[in-house]
Amino acid sequence: MTTPTAIRRLDAADPDFARHLDHLLSWESVSDDSVNQRVLDIIKAVRERGDAALVELTQKFDGLQVASMAELILPRERLELALTRITPVQRQALEKAAERVRSYHEKQKQDSWSYTEADGTVLGQKVTPLDRAGLYVPGGKASYPSSVLMNAIPAKVAGVTEVVMVVPTPRGEINELVLAAACIAGVDRVFTIGGAQAVAALAYGTESVPKVDKVVGPGNIYVATAKRHVFGQVGIDMIAGPSEILVVCDGQTDPDWIAMDLFSQAEHDEDAQAILVSPDAEFLDKVAASITRLLPTMARAAIVETSINGRGALIKVADMAQAIEVANRIAPEHLELSVADPEAWLPHIRHAGAIFMGRHTSEALGDYCAGPNHVLPTSGTARFSSPLGVYDFQKRSSIIYCSPEGASELGKTASVLARGESLSGHARSAEYRITDLDWKTGNLEEGK
């Protein structure tokens, strides 16, 4: 006999619901002191000793016997070789996914713009891609080629000149799918290094690893902590927490589908969060039964069970309107609207990393091949953050080109404001360009 699931049950009608929900959502992402200090030591070593430190740390943490950085560099030919080592079906899937991701992100490209005022002054914005981006990819058997596509393709679409990938190969384990994905995505350089030391190398540069402008990509607590510390020296994408899925269902979807959708995120790790919200209490019972029945069939059953029982929940609400309220409160990474008319509810969704609309749109499709990016804000940060995209690899510069007439008119306003702030250098710089002698006589002699 299968033991019933121990997943948490909440009811929005409970007077303590808000408190219980806050407790469910709480997750501490801050590194402990020992991790923090180890990361600081690693960053210091890489900054001071460059390649030598990378070689030593790779030997220590990845169990590799390497004598120099030359052994930790993969040439383009090795990426092309990986394409021949995966199956034709795998290559076709990677290429199709890459094509869809590229097509979607092409639509995110921003163009420079400008306009001319009546006096000839030109104002505008110049959009420029980053020179170099660094992509961190977890290594070993738990590698994710889809992450390579999702991080590298937007950078290349943005026009980044060089994409540098770092991927650890613990005990010499190389994932051919990851290298094949790097080849398809157009990654320019690959180093087989990982951990905090790889992040430090990308941020500060070494004799072999070029310094980048931005570091993106997922990693463990050491990688995340290193990204926190190098932020400011370089840009970063985000500090990602555990994966999350929130399913809002009207009770009409197959319970097995919903259970498996919850599993799709719960299988990532024990801290992942999978939540179902529905106004149908009987449907929640059916999904709970599906969870119990399907759990033993999962390859990562132990991880799924820990996640579901520890951080998962089935939440009963009064109606669909309240379900949407709860969804906005949670601000999930992935939100499935498994309802009859998702378009009707879409305008009411304010906070979600990605929104999967309709019963047939499983979150897994977004993870791999739908097209939108799967690098999404977690831990409620969808309230103020967005998915990774082309815009993360472009920067904007303001353009101001004053005509003599424009400089004269703007100078009057600038002079008054600058003198109001007691910044006479600013004021005089603007005033030198004012051609209206009457204005100068009437204002500057009065010390204004």
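Keep in mind that glycine also has a Cβ here, set from the backbone N, Cα and C atoms.
As written in Swiss-Prot, here are the features:
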- Tyr136, Gln197, Asn220: NAD(+) binding site (BINDING)
- Ser243, Gln265, His268, His334, Asp367, Glu421, His426: substrate binding site (BINDING)
- Gln265, His268, Asp367, His426: Zn(2+) binding site (BINDING)
- Glu333: active site, proton acceptor (ACT_SITE)
- His334: active site, proton acceptor (ACT_SITE)
List nothing but the one residue from His268, His426 whose Cβ has the fewest other Cβ atoms within 10 Å; the candidates are the binding-site residues. His426
Pick out which of the binding-site residues Asp367, Glu421 has the most other Cβ atoms within 10 Å of its own Cβ. Asp367
Nearest by Cα to Ser243 (substrate binding site), of the recorded positions Tyr136, Asn220, Glu333, is Glu333
Near the NAD(+) site, what residues other than Tyr136, Gln197, Asn220 in the same chain have a C-beta no further than 8 Å from the centroid of the listed C-beta atoms? Pro138, Val166, Pro168, Gly194, Gly195, Ala196, Ala198, Val199, Gly219, Tyr222, Val223, Ala226
If you measure from the Cα of Gln265 (substrate binding site), which of the recorded positions Tyr136, Gln197, Asn220, Glu333 is the nearest? Glu333
At 10 angstroms around each C-beta, which of the binding-site residues Gln197, Asn220 has the fewest other C-beta atoms nearby? Asn220
When you measure from the Cβ of Tyr136 (NAD(+) binding site), how many other Cβ atoms are you left with inside 10 Å? 29
Whole-number Å value for how far His426 (substrate binding site) lies from Gln197 (NAD(+) binding site) (Cα to Cα): 45
Which state, by DSSP, holds Tyr136 (NAD(+) binding site): helix, strand or coil? strand
How many other Cβ atoms sit within 10 Å of the Cβ of Glu333 (active site, proton acceptor)? 29
A correct count of other C-beta atoms within 10 Å of the C-beta of Gln265 (substrate binding site) gives 28
Under 8 Å by Cβ from His334 (substrate binding site), counting only residues of that chain that are 6 or more apart: Ser243, Glu244, Ile245, Leu246, Gln265, Ala352, Gly353, Ala354, Phe356, Glu363, Gly366, Leu376
Over all shown protein chains, what is the count of other CB atoms within 10 A of the CB belonging to Ser243 (substrate binding site)? 24
